[in-house]
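These come from TrEMBL:
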DOMAIN    23-148  domain 'Acyl-coenzyme A oxidase N-terminal'
DOMAIN    151-260  domain 'Acyl-CoA oxidase/dehydrogenase middle'
BINDING   THR154, GLY193  FAD binding site
DOMAIN    290-451  domain 'Acyl-CoA oxidase C-alpha1'
ACT_SITE  GLU436  active site, proton acceptor
DOMAIN    487-668  domain 'Acyl-CoA oxidase C-terminal'
Amino acid sequence: MPAKAQKINPDLLKERQKASFKTEELAVWWNGGQKKLENKRFLEDYFLNDPALQDDLPISYMSHKELYEHSVKKSYIVLKKLHEYQKKTGNSIDNYMALLGGNLGSGLIKEGNPLTVHFVMFLPTLLGQATPEQQAEWLPRAWNCNIIGTYAQTELGHGTFIRGLEARADYDPKTQEFVLNSPTLTSYKWWPGGLAHTANYAVVVAQLYTKGECHGIHPFIVQLRDEETHMPLPGIKIGEIGTKVGMKSVNNGYLGFEKVRIPRKNMLMKNAQVLEDGTFVKPKASVLTYGTMMFVRVAIVGDASNNLAKAVTIATRYSAVRRQSPIDPNKPEPQIIDHVTQQLKLFPQIAKAFVFKVAANYIWDLYNQITGELAKGDLERLPELHAMSCCLKAICTADASSGVELLRLSCGGHGYMECSNFPTIYGIATAAVTYEGENTVLLLQTARYLMKAWSLALQNEKLVPTVAYLGEYRDSTRFTNWDGSVPQIIEAFKFVAAQKVRLAYNSVEKRRQSGYSQEEAANLSGIELTQAANIHCRAFLLQMCYEQLEQNSKDTSPALAVILKDIIELYSVDACLTHLGELLRFVQLDESQVSQLQRRLETVLARIRPNAVAIVDGFDFHDRVLSSALGAYDGNVYERLFQEAQKSPLNQEPVNKSFHEYLKPLMKSNL
Ligand SMILES: CCCCCCCCCCCCC/C=C/C(=O)SCCNC(=O)CCNC(=O)[C@H](O)C(C)(C)COP(=O)(O)OP(=O)(O)OC[C@H]1O[C@@H](n2cnc3c(N)ncnc32)[C@H](O)[C@@H]1OP(=O)(O)O
Ligand SMILES: Cc1cc2nc3c(=O)[nH]c(=O)nc-3n(C[C@H](O)[C@H](O)[C@H](O)COP(=O)(O)OP(=O)(O)OC[C@H]3O[C@@H](n4cnc5c(N)ncnc54)[C@H](O)[C@@H]3O)c2cc1C
């Protein structure tokens, strides 16, 4: 939180004075408790106020190369500072995650940290896929950044269909080595973060060949660059893939192999092994190779909430200070937050930030529970975790990405400025729709699981909790219990989801019976399959948000409980109106009931209006994390916009040289 001493925009001050609850209480809840909140604030001061970590020149004015070098320099300073701090306080993974993938990190290195993949994928892969001996060799060096790694799976020709990856590792029993090759241009690794100029090691996912047979994709740890000179090793062709929509300093790279030899022990052999003579020992389940992706998908759900919460804080504060267009012609221009259409752009995004945060906590707990079972060899619930992590990652990132864009638009022209920070937040948020499993593909994975679940429901088999509703609604075709209550809205969504699953299942079955293969039938039914997965996830989000926030409201002050209940009401009613078409297809709703939903929406928007600024204040974003001329705590947007404009290199001189070189000759040339 910024120093409170500064001059606060009077409109924003009034907003804060009229709040009906204590912002600090929400800040404690939002940040996971008093201790975590205090630690977060300490780290923010410790890092964000360090003069060595300031951006004298806004990074949007830096060249691509300057930006990378600036980001590496800051990463170095941040990690050294963190190391010093943790020597005194003890190691905490949370601090690393805050700095390398969380809000604090996004405030320090706005366009993405070239070392994030080292911490968020390379290290977790060693933890999840390496044997204890391999961990003993690699983990200490990786934790201390004596080596810097990346996760090289995607290729120029394949990102989604990883069984189609072309890079290969051929085992040579004579030398007990693997020989890595990129047989085609499309087999070049392409995209890995930090790969281009930062990492000197990589986990490489390649097709394993031994004794003339292919055993599918497996992870290998490969040294890419000399540890002293950082020069690429022989046979390593490496570079940067070029400028991107966002995440501009992540240093995504390409990597090709030409007869690169690595020792047998560099195959990460926790799940599958290759013996000295080349014998392949297969894993308990081939999908265990996919574990790192699941970990990041789970983490991304929280990231979606963070991105949306930042954007809606900026837009809400701006909407409280921006005055435009009288509502009553005889009155002064109102705050744009008093235009009801503006409230519809803002407040449902506030609600989604809450819902995605609660979803992130849920899926994180489920992940830890099930990976604990995996460690004991129990794979029973892995399919359910895969299905939930896929659809939650897909829905939360898609909604967060479109929400950030809507919030940018809600700020008019000033939202289009780099200094609003919307472009950077959007670039980060929308990347998550693609990476770690493209959203459509992940929804199809969830749909695949739902088809199996529906088949079990048809056989009266017991279903796991997240799909139990399929059994409850298996034989119903019309929902007639609508009373408009939130619990009934949840049941209605579960009912719709069950019908969508049934329809998709029947489409696939019908096509299979007409002679199509399972795969062809699934492709032809792909639209219904993704829709079923989509509504399944939304039904889950509604139920989970209701249960969690209702429960939380029992432990908070009555004043904050009212806010949490309004969040539930808004999220539920907004979901009904957004997906009204799906509802009307299966739920008995007459015109008056639909109109009642519209009235409820307008009512809950009006209820949230007096507390909107206080709610986003409760997210407790440091000004440097928001990094926005529109969203600062003091609300002095016009002064900040003007200050930011002065930083433009073009404003450092009254006349640019192009006048003398081109404009003056043009103007004098009488074309
Ligand atoms: C904590 C704070 C930190 C904050 C961090 C915030 C995030 C910041 C991160 C920034 C860095 C991220 C950088 C990005 C990195 C990447 O993008 S890495 C590359 C990611 N790539 C992918 O995700 C590839 C997507 N493709 C796939 O996963 C697979 O190809 C597929 C689509 C799943 C298909 O695989 P395939 O083997 O062909 O499977 P199927 O035939 O469809 O199904 C086979 C069975 O396997 C099951 N299954 C598939 N995947 C998994 C899995 N991951 N886990 C468990 N089970 C899985 C599937 O359900 C099938 O099961 P059955 O139906 O029972 O047969
Ligand atoms: C910012 C960023 C960072 C990244 N970092 C890394 C990294 O560190 N390491 C790494 O290995 N990779 C990384 N990636 C790559 C990323 O994982 C892939 O881009 C992603 O998996 C999507 O694969 P693709 O690009 O091949 O898209 P495709 O799979 O080619 O998708 C293109 C279209 O085809 C559709 N499609 C594909 N398969 C199917 C299907 N079965 N059914 C229906 N439609 C389908 C998709 O829905 C999509 O609309 C990164 C990507 C980005 C954008």
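Glycine too: its Cβ is placed from the backbone N, Cα and C atoms.
Values in this document were obtained by computation on a predicted structure and should not be read as measured data.
Between the domain 'Acyl-CoA oxidase C-terminal' (487-668) and the domain 'Acyl-CoA oxidase/dehydrogenase middle' (151-260) there are fewer than 3 Cβ pairs closer than 8 Å, counting only pairs 6 or more residues apart in sequence, which means the two stretches are not in contact. Straight-line distance linking the Cα atoms of GLY193 (FAD binding site) and the residue listed as 'active site, proton acceptor', rounded to a whole number, equals 12 Å. When pLDDT is averaged over the domain 'Acyl-coenzyme A oxidase N-terminal' (23-148), the result is 94. With helix defined as DSSP H, G or I and strand as E or B, the domain 'Acyl-CoA oxidase/dehydrogenase middle' (151-260) counts 6 helix, 49 strand, 55 coil. Each residue in the domain 'Acyl-coenzyme A oxidase N-terminal' (23-148) gets a DSSP state, and the totals come to 95 helix, 0 strand, 31 coil. The Cβ neighbour count for the residue listed as 'active site, proton acceptor', using a 10 Å radius and every protein chain shown, is 23. Calculated from their C-alpha atoms, the gap between the residue listed as 'active site, proton acceptor' and THR154 (FAD binding site) amounts to 10 Å. Its own atom aside, the Cβ of THR154 (FAD binding site) has 18 Cβ atoms within 10 angstroms in the protein chains shown.
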